[in-house]
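Undergrad: The region 'Disordered' annotation in Swiss-Prot covers 1-22. Per Swiss-Prot, the feature Mg(2+) binding site maps to E32, D105. If you look up Swiss-Prot, you'll see H56, R162, R163, D166, Y171, W178, R323, R506 marked as site 'Interaction with DNA'. Taken from Swiss-Prot, the feature domain 'Topo IA-type catalytic' covers 152-574, and the record attributes it to sequence analysis. Taken from Swiss-Prot, the feature region 'Interaction with DNA' applies to 186-191. Feature annotation from Swiss-Prot assigns active site, O-(5'-phospho-DNA)-tyrosine intermediate to Y321. According to Swiss-Prot, the zinc finger annotation covers 595-621, 635-663, 676-702.
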Amino acid sequence: MPTSTKSKTKTTTKKKTTRKRVTPGKNLVIVESPAKAKTIEKYLGRNYKVVASVGHIRDLKKSTMSVDIENDYEPQYINIRGKAPLINSLKKEAKAAKAVYLASDPDREGEAISWHLAHILNLPLEEKNRVVFNEITKDAVKNAFKEPRQIDVDLVDAQQARRVLDRLVGYSISPILWKKVKKGLSAGRVQSIALKLIVDRENEINAFIPEEYWSIDGEFKKGTKKFKASFWGIDGKKHPLKTNEDVIKVMERLDGPDFNVDKVEKKERRRNAPLPYTTSSMQQDAANKLNFRTRKTMMVAQQLYEGLTLGSQGHQGLITYMRTDSTRISPVAQSAAHNYIADQFGEKYSKHGSKVKNASGAQDAHEAIRPSNVFNTPDAIAKYLDKDQLKLYTLIWNRFVASQMVAAIFDTVKVNLSQNGVIFIANGSQVKFDGYLRIYNDSDKSNMLPEMEENETVKKANVKPEQHFTQPPARYSEATLIKTLEENGVGRPSTYAPTLETIQKRYYVRLSAKRFEPTELGEIVNKLIVEFFPNIVNTEFTAEMEKDLDEVEEGKRQWIEVVDQFYKPFAKELENAEEGMEKIQIKDEPAGFDCDVCGSPMVIKLGRFGKFYACSNFPDCRNTKAIVKEIGVKCPLCHEGNIIERKTKKNRIFYGCDRYPDCEFTSWDKPIGRDCPKSGHFLVEKKVRGGGKQVVCSNDECDYQEEKQK
């Protein structure tokens, strides 16, 4: 059985087969998840049985490369371990079914799952048994079943090419890193670029030399109304203030309170509504506005897509498919949004009928992420959602509705003030028509200036010079890293969350104040990959490869050709790395105390979950200890031990007693060593929204709290 979907000549290699069926029963529908199966079965009725494959049923073997390089990069698939009972059950159900429909997700991975199911169940590729829908609603599902299609082998080839390329890179470079650096390391097409971006930014920060500069801000009065203006220049030319001497020269030219209004420039400015969400823009906004990690965003979005029970409405899918780089909105959804906006705010707020241009490279079989039913407002369904589901749904709903509204219009005014050739500029703006801002909060606020005319006089109230220093570029957050990867054409919607997870799991980077900081190990690995595999971390090279893979999806290129084009030069780089890469010894840091088992010095080692203490006499002595941080508070449970800061395997901080397991005290919040004056329970320090901390009672039923601390 050939494992590629097509030969080089693009002729389908799978022969048509005839299946003998027993007495026809129900129509069998196979989806990925049980939650999705439950929703769809209710929509389709008694003549359909919907079952779940629970993700992929076949994959490449984990213990080997599983790609036959000598035979056109043929992937060597096996049934996933532990899925034999499920596969047997699917075969039995398919044999008894009247017809079999494959309704996995509407993307490359979903198409590949359907292709593997067709192979396992011996379904002809010519058969129209593939059903796709972008939202799990009754109408969308029923309409999709009216138009089943063949499995899209181009889409499968694109997925298979990516899978093979990832194997070739990961399973070729990783063993070299194991030999030269340490076990458990990995490299990958997207993760190595993400790591390089983080390391490069850290190098920029370390090399940054702050430069001094100054500003002069003034407060002025027109009658009783005050407004602000900032120094711009001298004698009609912009004049930067680099030193205190520059400031003194300006201040010496100021004489008295009167400033002349030289110029008043009024304009009308339009600000268009934001586009509806793609996967990456949703991830960025969820990180910035909701403080969600990327993985959490995708997990909650999956729940909203697969559906929740909404009282009398029953089980409903709440959003469209959440892995997309399209900003397209269907005409039906546009019409529904128009009706909602016109009803709630008036016709003048709706931009019904306007077309949206997609970003270059967007896979436009999908829509943008939007609510399945715009009339399911966040307030209307809030009681059926948990707090995280409601937060993300509200974000998606607001963004979609705003995207279908007209631009906001601002009146802006720019006023030039001068005295003795010293020029200050005041800028003001006022919302003339709120447009999409009616529903979508924006950071810009109106800054009203008093009405002024040219050649009149205003009074200076005070002028304040202030020293500043230029700041280094900020470290990447999850949101800014995803944005940079997307802007460079690296990766696709489905790759961002697992990429960020992998570079943290390998301890190449750590999150410090929600920003990525490279570890020593990450810097070592990055240096080696940059030196020996420059194309892997070249964003232009990787973006070009993504375009080639998109052409495979469009049927314009053969996947084997694209893989071969990459692998031949890559194989030479592998040979050079095997010969030229020197072995690197990561030195253990002395811990400063001796082993309590054998007396040898303890050292600090780097493991999968971070640093830990270990005996230097390993393997003769295997004594290890967790690195703990005392917070200076006695245990509120046993009153004998000390509270220490610890981390879960997922790197979440919690607090526990150092007498564990004799004392099992734990708390997610930091105890402060005082008891609540109302309930007597111990007090804890909680982080509060908007930054800062607050001391509250650890007893949820007690409302005691102290003032917020910044």
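Just so you know, glycine gets a Cβ as well, placed from its N, Cα and C.
I'm curious about the neighbourhood of these features; can you describe it?
TA: The secondary structure of D105 (Mg(2+) binding site), as reduced to three states from DSSP, is coil rather than helix or strand.
Within the same chain, residues at least 6 positions away in sequence whose Cβ sits under 8 Å from that of H56 (site 'Interaction with DNA') are I80, A112, I113, H116. In the three-state DSSP assignment, the secondary structure recorded for H56 (site 'Interaction with DNA') is coil.
Across the residues of the domain 'Topo IA-type catalytic' (152-574), the predicted structure has a mean pLDDT of 92.
In the three-state DSSP scheme, R162 (site 'Interaction with DNA') is classed as helix. Less than 8 angstroms from the CB of R162 (site 'Interaction with DNA') sit R108, L549, each of them six or more residues away in the same chain.
Around the Cβ of D166 (site 'Interaction with DNA'), the number of neighbouring Cβ atoms within 10 Å comes to 16.
A helical conformation is recorded for Y171 (site 'Interaction with DNA') in the three-state DSSP classification.
Taking all protein chains in view, 13 other C-beta atoms sit within 10 angstroms of the C-beta of W178 (site 'Interaction with DNA').
The Cβ of Y321 (active site, O-(5'-phospho-DNA)-tyrosine intermediate) lies under 8 Å from the Cβ of D105, P106, D107, N134, E135, Y305, H366, E367, I369, each of which sits 6+ residues away along the same chain.
Its own atom aside, the Cβ of R323 (site 'Interaction with DNA') has 25 Cβ atoms within 10 angstroms in the protein chains shown. In this structure, R323 (site 'Interaction with DNA') belongs to neither helix nor strand by DSSP; it is coil.
Sequence-distant neighbours of R506 (site 'Interaction with DNA') (same chain, six or more apart, CB under 8 Å from its CB) are G184, L185, S186, L521, G522, listed in sequence order.
Taking Cβ pairs closer than 8 Å, the zinc finger (635-663) reaches residues 504, 511, 609-610, 626, 628-629, 669-671, 675, 682 in its own chain, all 6 or more past its ends.
According to DSSP, the zinc finger (676-702) comprises 0 helix, 11 strand, 16 coil.
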Undergrad: Take the zinc finger (595-621) and find every residue of the same chain, 6 or more past its ends, with a Cβ under 8 Å from one of its Cβ atoms.
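TA: The answer is 184, 505, 507, 510, 519, 521, 586, 588-589, 627, 647, 649, 651.
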Undergrad: What Cα-Cα separation, expressed in whole Å, is found between R163 (site 'Interaction with DNA') and E32 (Mg(2+) binding site)?
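TA: Rounded to a whole number, the Cα-Cα distance is 19 Å.
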Undergrad: Identify, among the binding-site residues E32, D105, the residue whose Cβ has the fewest other Cβ atoms within 10 Å in this structure.
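TA: Result for the binding-site residues E32, D105: minimum number of other Cβ atoms within 10 Å at E32.
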Undergrad: Take the C-alpha atoms of Y171 (site 'Interaction with DNA') and R323 (site 'Interaction with DNA') and report the distance between them in angstrom, rounded.
TA: 26
Undergrad: DSSP-wise, what's the residue breakdown of the zinc finger (635-663) into helix, strand and coil?
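TA: Counting residues per DSSP class in the zinc finger (635-663), I get 0 helix, 11 strand, 18 coil.
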Undergrad: Counting across all protein chains shown, how many other Cβ atoms sit within 10 Å of the Cβ of Y171 (site 'Interaction with DNA')?
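TA: Other Cβ atoms found within 10 Å: 17.
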